[in-house]
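Participant: The structure is given below, and queries will be raised subsequently.
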Amino acid sequence: MSLFEYLSGCAHLLAVIALLLANLFPDSPWLAIAMGATVLATLLRFTALSRLAQGFFLGAIAAFGWVAWRYPLHQHVIIQALAQGAAFSCLLIVLGLLRYPVSRSGTVREAAGYLLSFPAGRRYVAVNAGSHFLSLLFNVGIIPLIADQLGNGGNKPSEDERRIMLLAGMRGAVLMTIWSPMGLGFAIVTTALTALNSMYFVAAAFASALLIMAVTCFWAMRCEGVEVDVPAPARAAAGSPRTLLGVLLACALLLAGVIGIHIWLQWSFVVSTVLVLPLFALGWLCLERSAPGTDLVQDARHIFRNIGSMRMESAIFLSANVIGAAISLTIQQQPGWQALQSAHFPALAVLLACLLIVPLAGALFIPHSIFVVLLAQIFGASELGLTHPMALALALTLGWAMAIAVSPISAMSLLTGSLCGVRPQKVGLQWNRGFVGLMFIVSAAIIGVAYWYGG
């Protein structure tokens, strides 16, 4: 580990601690420390970032300077956006902390192996549904985990079966991003929509994800060539129902912990997750000692090394929030904005446009996060966001999920393409085209129902 990497990790760790202290002591300077530490951590590893992340970070600096120069009376808007971006960055950092204990877990590997032991007629559904919930723990890592299990055992899968199983895992993980309180899309939307009841939204988004899962699984089995009535292959790594149930119980406990902190301390879901995830990671290490040769000190070192594992995503979402706030403020300060606000466009049409714009941006190789941030900030406090917060939140999170599936530059498309030996464009724009099209139809119906009932 280089000196700059070590210092960047320390700065990220300081940012996480300062963010938690800022919520314990609201009128203290801890929030400013968290913001400064997050920016410092990004600067220390700037040369290690991808060109996309570097561009976003430089754009955020320019956006901050633009607001300070052009709209000095509204600097609080950009500072608040920086604070929210720092919180999103801390969320991604603690998600990285969970990678080490989960990736070394034999229990998780056995649970994934059990999903692949189902008969072929039910295997797609099992992997899709199992990945949906396991991705609460493993996030995007569920895809290579399934790939590893497909490579185990005596019977190697055909290329078609491997492709279908990896797509099943990817799509299950995609649908999890709709409702998970530990997800970044959820965090962006619930932070910007002040009129939204977060707990009701979790329930509505979860029900929406299950409905889409049921419809798309039925479609995949009918239209994507998923084999039926074929005996299950023998898997050397297959686990047991008890193993899978134990891992799902751990997912439920993690989710309950985040929701419990949110209700008890009245903290946002972002900060609640930042508190719970590191404790959960340490608890997992203590309970499952699958590597007897290591001790807790070595484990702590491995966890610390994983602090920077999501530095690129951290820089992008920190920057996207600042850029989105600057664009939103600039638009709202234009002379025609009030006239546009009073034009009374059909609310349902605006909601469906939001649903379409986000995945369209992803399909065009544009980072969809900037559009979600921008739309959430523009409409969050508008009449639409105040009168139909549930429908708007669903439009943005459903659009977020579709964008992940169709975007050739999303982490899931890149991983799936690499594991299948194809370009990510083929994963997003060809293999997932029908899935996203069907998801859009179901999502539009869901938003219509939410709008009809005044949500």
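Cβ coordinates are placed from backbone N, Cα and C, and glycine is handled just like the others.
Just so you know, TrEMBL annotations never went through curation; they're auto-generated.
Among the features that TrEMBL reports, transmembrane segment is placed at 6-25, 30-46, 52-69, 81-100, 199-221, 242-263, 269-287, 314-331, 343-365, 372-394, 400-422, 434-453 (among others).
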Participant: Is the transmembrane segment (6-25) in contact with the transmembrane segment (434-453), using at least 3 Cβ pairs under 8 Å (sequence separation of 6 or more) as the test?
Facilitator: no
Participant: Answer yes if the transmembrane segment (343-365) and the transmembrane segment (199-221) have at least three CB pairs under 8 Å among residue pairs 6 or more apart in sequence, and no otherwise.
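Facilitator: Between the transmembrane segment (199-221) and the transmembrane segment (343-365), which are separate recorded stretches, there is no contact, as judged by 3 or more close Cβ pairs.
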Participant: Using Cβ distances below 8 Å and needing 3 or more such pairs, separated by at least 6 in sequence, tell me whether the transmembrane segment (314-331) contacts the transmembrane segment (372-394).
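Facilitator: Since 3 or more Cβ pairs under 8 Å link them, the transmembrane segment (314-331) and the transmembrane segment (372-394) do come into contact.
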Participant: With the transmembrane segment (81-100) as the reference, find which of 52-69, 199-221, 269-287, 372-394 contributes the most Cβ pairs under 8 Å.
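Facilitator: Against the transmembrane segment (81-100), the leading stretch is 269-287.
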Participant: Give the nonlocal contacts of the transmembrane segment (199-221) in its own chain as ranges (CB under 8 Å, at least six residues past its ends).
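Facilitator: Answer is 121, 124-125, 128-129, 132, 164, 168, 171-172, 175-176, 178-179, 181, 186, 190, 228, 259, 262-263, 390, 393-394, 397-398, 434-435, 438-439, 442-443, 446, 450, 455.
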Participant: So which residues does the transmembrane segment (52-69) touch in its own chain, when a touch means Cβ under 8 Å and the partner is 6 or more beyond its ends?
Facilitator: 42, 46, 75, 77-78, 82, 85, 311-312, 315-316, 318-320, 322-323, 325-327, 329-330, 367, 409
Participant: Among 6-25, 269-287, 372-394, 400-422, which stretch has the highest count of C-beta pairs below 8 Å with the transmembrane segment (242-263)?
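Facilitator: That would be 269-287.
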Participant: Are there residues at least 6 beyond the ends of the transmembrane segment (269-287) whose Cβ is under 8 Å from a Cβ of it, and what are they?
Facilitator: 16, 19-20, 23, 87-88, 90-91, 94-95, 97-98, 100-102, 105, 181-182, 186-187, 190-191, 198, 250, 253-254, 257-259, 261-262, 296, 299, 303
